[in-house]
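Notes to accompany the following structure.
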Amino acid sequence: MKTIIVFLSFLVLVLATKFGDANEGVNREQTKEVIQNEFRGDFLNEMAAMSLLQQLEAIESALLEKEADRNSRQKRCNGKNVPCGSNHSPCCSGLSCEETFGYGWLYKSPYCVIPSNG
């Protein structure tokens, strides 16, 4: 009786080992396929996210550029009777940089004045 129990135990052990390895091989293949599919899916999702990120950055830079243009002030300019020339800021619109008799002879530089007609 003990011999039969030992023999059956041995038979069960051999069968379990044989079919266990077969299942383990199948499990390894399935695991490998799942991992490859997950990485492929993650890679594709990451590529789509990167593409979307690049599109958003392009839109953002265009909007920021428009806003910077809209909010930018006119550069500083000189008003009436203020020195102008190469070392000074330009005259404001409606004024021209001319040599005048009033201040120019003393300071040796042209001044922003209302343009003369003649």
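Positions of Cβ are set from backbone N, Cα and C atoms, glycine also.
Per Swiss-Prot, the feature signal peptide maps to 1-16; the stated evidence is sequence analysis.
The secondary structure of C77 (disulfide bond), as reduced to three states from DSSP, is coil rather than helix or strand. The number of other Cβ atoms within 10 Å of the Cβ belonging to C77 (disulfide bond), over all protein chains shown, comes to 14. Taken from Swiss-Prot, the feature disulfide bond covers C77-C92 (among others), and the record attributes it to similarity to another entry.
Long-range Cβ contacts of C84 (disulfide bond) within its own chain (separation 6+, distance under 8 Å): N78, P90, C91, C97, S109, P110, Y111, C112. The disulfide bond annotation in Swiss-Prot covers C84-C97 (among others).
DSSP assigns C91 (disulfide bond) to a strand segment in the three-state reduction. What Swiss-Prot lists as disulfide bond is C91-C112 (among others).
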Restricting to the chain of C92 (disulfide bond) and a gap of 6 or more, list residues whose Cβ falls under 8 Å of its Cβ, or answer none.
C77, N78, G79, C112
How many other Cβ atoms are found within 10 Å of the Cβ atom of C112 (disulfide bond), counting all protein chains shown?
24
In the structure shown, which of the disulfide-bonded residues C91, C97 has the fewest Cβ neighbours within 10 Å?
C97
